[in-house]
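Trainee: What follows is a single structure, and I will ask about it in a moment.
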Amino acid sequence: MIYETAPAKINFTLDTLFKRDDGYHEIEMVMTTVDLNDRLSFEKRTDNKIVVDIEHNYVPNDNKNLAYKAADLMFERFNINEGVTISIDKDIPVSAGLAGGSADAAATMRGLNRLFGLGQSLDALAALGIQIGTDIPFCIYNQTAVCTGRGEQVTFLKRPPSAWVVLAKPNIGISSPDVFKALDLTEEHIVHNEKCKQALENNDYHLLCNSLSNRLEPVSMAMHPDIKKIKDNMLQCGADGALMSGSGPTVYGLAQKERQAKNIYNAVNGCCNEVYLVRLLG
């Protein structure tokens, strides 16, 4: 039995630069991890099947599951002639902008690499993982990084300063393709990628909070005004910085002090079913 942990990611920044010829958007984003995790275990089978064992109403256990897709890709690429049972204990909320599915897929690739003794480097796994998800290369490494291209170009950055994180996911679903479709690339915008990288380089917490920026945030907020209400609530209750992660709908607030973080948690807990008080990992 092999075990892997799959931490959630958050965006410090997210910029979309232009629409590529392959239909994807060219992006630049700074991401890190938080200590909200899914836990996965992997056990060999003798029947050559890939079986995903998960008890969750909104997560498929068939070939639509990203962990299944990752395993299928690994089996095909490395000619694996055995089976595997992938058990997922899920804490990361679904369709939240926290890369829960990608984190599970990345953990599956790392786990199968160990289970079957494939000897692949993390770089090799990341290069393979981009075939099934743009966040998977980042999730393979689980280190603070700036990701460019489709997400496959990963440049590591220093770990962020220590901080509490309050994550709040409203009870709405957001389709990432719909958000990108609604994005107007001609609109003026400011995303503070360089300021964010400087903040991490200098371990400057306040500069980091001032650099939080996401080009998709106003698009998702226009679709779902509750996202803005949660962000405003967090800032009014003392968050040092707040931002929507990914294409949403999860919003997070940063706080240096535990009491400050608990105040924010209590303020948003009444209006969101899924609220988490965690720490930055990086």
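Keep in mind that glycine also has a Cβ here, set from the backbone N, Cα and C atoms.
It should be emphasised that the depicted structure is a prediction, and the values quoted were computed from it without experimental measurement.
Pulled from Swiss-Prot, these are the listed features:
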{"type": "ACT_SITE", "residues": "Lys9", "note": "active site"}
{"type": "BINDING", "residues": "Pro93, Val94, Ser95, Ala96, Gly97, Leu98, Ala99, Gly100, Gly101, Ser102, Ala103", "note": "ATP binding site"}
{"type": "ACT_SITE", "residues": "Asp135", "note": "active site"}
Trainee: Inside 8 A of the center formed by the CB atoms of Pro93, Val94, Ser95, Ala96, Gly97, Leu98, Ala99, Gly100, Gly101, Ser102, Ala103, which other residues of the chain have their CB, for the recorded ATP site?
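Mentor: Here the non-site neighbours turn out to be Ala8, Ile92, Gly246.
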Trainee: Would you list, in sequence order, the binding-site residues among Pro93, Ser95, Gly101 whose CA lies within 10 Å of the CA of Lys9 (active site)?
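Mentor: Passing the 10 Å Cα cut: none.
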Trainee: Test of understanding: give the count of other CB atoms lying within 10 angstroms of the CB of Ala99 (ATP binding site).
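Mentor: A 10 Å sphere around the Cβ of Ala99 (ATP binding site) contains 28 other Cβ atoms.
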Trainee: So, three-state DSSP: helix, strand or coil for Lys9 (active site)?
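Mentor: The three-state answer is strand.
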Trainee: Near Gly101 (ATP binding site), how many other Cβ atoms are within 10 Å of its Cβ?
Mentor: 28
Trainee: Tell me, if you would, which residue among Pro93, Gly97 (binding-site residues) has the fewest other CB atoms within 10 Å in the structure shown?
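Mentor: With the binding-site residues Pro93, Gly97, fewest surrounding Cβ atoms within 10 Å: Pro93.
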Trainee: In whole Å, how far is Asp135 (active site) from Gly97 (ATP binding site) when you measure between their Cα atoms?
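Mentor: Per the Cα atoms, Gly97 (ATP binding site) and Asp135 (active site) stand 10 Å apart.
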Trainee: Using a 10 Å cut-off on CB atoms, tell me which of the recorded positions Lys9, Ser95, Ala103, Asp135 is the least crowded.
Mentor: Ser95
Trainee: Which secondary structure state does DSSP assign to Ala99 (ATP binding site), in the simple three-class scheme?
Mentor: coil
Trainee: Using the alpha carbons only, what distance in Å do you get between Ala99 (ATP binding site) and Asp135 (active site) once rounded?
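Mentor: Per the Cα atoms, Ala99 (ATP binding site) and Asp135 (active site) stand 7 Å apart.
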